[in-house]
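Below you'll find the structure, written out as structure tokens, and then a few comments.
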């Protein structure tokens, strides 16, 4: 059975506290300074909690409004009804096909008549310098 060794920590902490404390310092001034620091730290903690609270409140509000705006099940808005229908997709396909056909009609090739009329003529080439 292992015995707890919690009593050995207390002398170590006491000696550590005495080393960090100023020797010959004014004890009442030191206590006043420490109490003032404790009051300030309470206000700092309150300030941090308030900032986090406001941030959380605004974040929650933005998140809920975003979620609410994405619910389209009960929306009878004409735009949402139009998006849910397939009519716009059919119109989009027809418009895409018309544009493709129009672009094919606008494309044409220009041929070099001199090259077509003389297919047996040898074209000059640059000979590599070796």
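A Cβ is built for glycine as well, from the same backbone N, Cα and C atoms used for every other residue.
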Residues flagged as transmembrane segment in Swiss-Prot, choosing from 45-67, 68-90: 45-67
Residue 103 (phosphoserine), number of other Cβ atoms within 10 Å: 9
